[in-house]
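Novice: First the structure, which I've put down as structure tokens, then a few questions once you've had a look.
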Amino acid sequence: MTDKKQVVTRFAPSPTGYLHIGGGRTALFSWLYARRNNGKFLLRIEDTDRERSTDAAIEAIFEGLRWLGLEWDGEVTYQFARQARHREVAEELLRQGKAYYCYTSPQELEEMREKAKAEGRPIRYDGRWRDRDPSEAPEGVKPVIRFKSPNEGETIVRDHVMGDVRFANEQLDDLIIVRSDGTPTYNLSVVVDDHDMGVTHIIRGDDHLTNAGRQSQIYAAMGWDVPEFAHVPLIHGPDGAKLSKRHGALGVDAYRDMGYLPEAMRNYLARLGWSHGDDEIFSTEQAIGWFDLDHIGRSPSRFDFAKLENLNGHYIREKDDTALADETIELMQRLGHWADGGNFGTEFRAKLIAAMSGIKERAKTLLDIGKGAEFLRAKRPLALDANAAKLLDADARALLARLTPTLEAVAGWAAGDIEAAVRNFAEAENLKLGKVAQPLRAAATGSSVSPPIFDVLATLGREESLGRIRDQAA
RNA sequence: GUCCCCAUCGUCUAGUGGCCCAGGACGUCGCCCUCUCACGGCGAAAACAGGGGUUCGACUCCCCUUGGGGAUACCA
């Protein structure tokens, strides 16, 4: 017990679609656990289903992990490429009498299931070839190889999340480890790969919990050490049903496109199903320092956008203005929202950065920042939204006309200069500041909502500001 | 059908027999701040699924019921 092996975790997605949020979280947990223990975090692509695996999906998985900031160690392992090794193990099992050829046809299997179902008996293979002599093999039938699993006793999966899970061995039938076409199946491949890769801790979705029992038996048959297991409950949708593609399960790329920050995603995902006391907001470094398997919850959780948004808003407010500006421009352009030929030159970027502290204060996502920055891109004469139009009634326009000379006379154009002038004006007119500020805001931004109006005017610049105000004055 | 897992506010969760007539966070609702909206501050409503045990004492341990979820493939 003294020579503790280095911790090795892995993330093993099958490339049949984008990297969904549940996968992202398991990857995060595995990554955190490896980093926490100065171990390695490996990536294995389970591409043995040749029909459904695609290169695009593999790329999406890489992209998703990179965006989440989950760098894996070493080379990526492709399971399909290791077929020969998997078959080798199957043959070893065969040699040791721990596996056997089974000539049962799919039709027979089907009948077996029908019958079992009709009689209300458990649906599983009856082991008809388990002890039969190979000489009885029918002509021309390509056999599968089945694992000879113990019939008596029980298999215990010691799970860090679920505790000890016991399976009666009679429940576990002899599973196929090599198909009739000679290709190995999942349960064999995972065991061989995890063993060969030196994986010490398997952290994965709890839909694999029953597999863990079967896999434990294979480890035992080969005389290999069984790794530590941690089966994490799945994430459900807002309606409580399993988060699936039909249920609006989204790829991590979708979250990026919605303007969420990776640091916020990491924080949110870490907190979803895992806890460190009452801590809600913590950095990735803290998560690495704190992460453990014992505080992963056992019950499934639901994905809550409202909380993610709140967290994202927090990280946006914390983030550097320049970085935020650049990321927003990148996102808006990639999404085609700002592809209208509007200026994205250094001038716009500078204005965006200057206005950022005010804009990010009221943004929950990068998309919100984009929206909040519209007033910087707007061209005269400004289009007014409904609220702004309502604000700019005849009285307000007259007020702006009276205000204009005051503004023209402002010496500097810093927010403080403008504010002082406007406050004096309001006082002279015997008006509350709001009565002047709102029409001003409507004229300057075309909206009833914006960052503090004097900041807005300052970043807009003297000429542009006065122009916009004159446009609405009457 | 069979097997396995789960069950605290609407949601994420703290809680590992007495510190809990249950704490935090998001959301919701008030109030304050205020040039709008936000941010921020203060406050409120809001939960131990039900029933049996065990115990001097159960949110915490055991059993049952109910309700969710997962697995039962020559998919992974």
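Note: Cβ is positioned from N, Cα and C throughout, glycine not excepted.
Whatever TrEMBL says is automated annotation, not expert-curated.
What you are looking at is a predicted structure, and each value in this text was computed from that prediction instead of being measured.
Features from TrEMBL:
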- A:Lys245: ATP binding site (BINDING)
- A:6-309: domain 'Glutamyl/glutaminyl-tRNA synthetase class Ib catalytic' (DOMAIN)
- A:331-471: domain 'Aminoacyl-tRNA synthetase class I anticodon-binding' (DOMAIN)
- A:13-23: motif ''HIGH' region' (MOTIF)
- A:242-246: motif ''KMSKS' region' (MOTIF)
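Help me picture these features in the structure, burial and contacts included.
Specialist: Over the domain 'Glutamyl/glutaminyl-tRNA synthetase class Ib catalytic' (A:6-309) the predicted model carries a mean pLDDT of 92.
Counting residues 6+ beyond its ends, the motif ''HIGH' region' (A:13-23) has Cβ neighbours under 8 Å at 45-47, 49, 52-55, 57-58, 60-61, 63-65, 205, 234-235, 243, 245, 249-255, 269, 303 in the same chain.
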Novice: Could you count the residues of the motif ''HIGH' region' (A:13-23) that DSSP puts in helix, in strand and in coil?
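Specialist: Result for the motif ''HIGH' region' (A:13-23), in helix, strand, coil order: 3 helix, 1 strand, 7 coil.
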